[in-house]
């Protein structure tokens with residue numbers, strides 16, 4: 001299913017128009033909370049919001065590229081820079097969502113033990129590790145891409161593919177023999193593993209909610225916050241990573257499904273700020289998960 005270029009353009013522009021201000025608000029809200037008390041959830045939220053902000057900044061260029069049917073509109077050296085700026089947040093977001101979910105689950109399942117060891121410095125270390133893993137993986141994939149001009153009558157280097165007498169294409173014409181294994185490894189390590197962690201933690205938070213003493217309204221809100229990360233992974237990042245797996249198994253499925261997956265991935269910049277819960281400015285409006293202990297109900 002090929003989306004019309006005008007529709008792809010409109011979807012990218014809409015994601016930018018909504019996601020850019022939402023993530024600015026999320027950063028502002030998280031910073032205001034951090035001034036009162038810095039917590040691991042705030043650290044993950046700040047990194048996620050900054051990651052989404054970087055992704056949102058690349059969306060206007062992606063929209064222009066879609067309107068031009070994939071033709072790269074900038075000078076060729078900007079292609080690898082764009083690749084890192086666009087795809088690093090796309091993959092890193094799953095790691096930050098999994099880290100947020102793990103923190104909520106540990107706070108619910110082991111409230112007092114987790115309270116004793118939860119330190120923002122540990123969360124900063126996790127975030128640095130996620131960024132390093134993503135950037136090294138992407139950098140290695142781009143660096144190993146070899147020029148194939150003598151083989152397939154094209155000029156290819158660092159993500160740019162230029163058919164002879166044709167227009168430059170960034171990444172989307174990447175040699176399939178290199179692209180499919182690389183994209184599959186990205187998806188397994190940076191999406192499906194975080195997805196499993198997030199799903200496990202979501203079930204743990206739901207079990208804690210069942211035994212909590214909160215009102216029905218607050219239980220619903222807590223369930224939404226706990227399930228928001230899983231929802232974002234499935235709805236926004238799921239289609240793109242599923243297309244990577246499908247195209248590895250059956251190369252005929254590549255192309256239009258990948259383009260659709262990139263569009264849904266772009267909309268994660270809209271959904272993430274809504275589910276992390278830091279758009280408000282008042283204290284205590286952030287992400288929560290609850291549990292009942294012998295000393296009362298604890299919120300995370």
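Glycine is no exception: its Cβ is also placed from the backbone N, Cα and C atoms.
Because the structure is a prediction, the values reported are computed rather than measured.
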Where Swiss-Prot places transmembrane segment among the ranges 122-142, 143-163: 122-142
Check: residue 202 and residue 252 same membrane side, Swiss-Prot record: no
Cβ neighbour count (within 10 Å, all chains shown) around residue 170 (disulfide bond): 25
Recorded stretch, among 80-101, 224-248, 257-279, maximising Cβ pairs under 8 Å relative to the transmembrane segment (9-31): 257-279
Where residue 79 (disulfide bond) sits in the secondary structure, as DSSP reduces it to three classes: helix
Helix, strand and coil totals (DSSP H, G, I; E, B; other) for the topological domain 'Cytoplasmic' (102-121): 17 helix, 0 strand, 3 coil
Within the predicted model, mean pLDDT of the topological domain 'Cytoplasmic' (32-41): 88
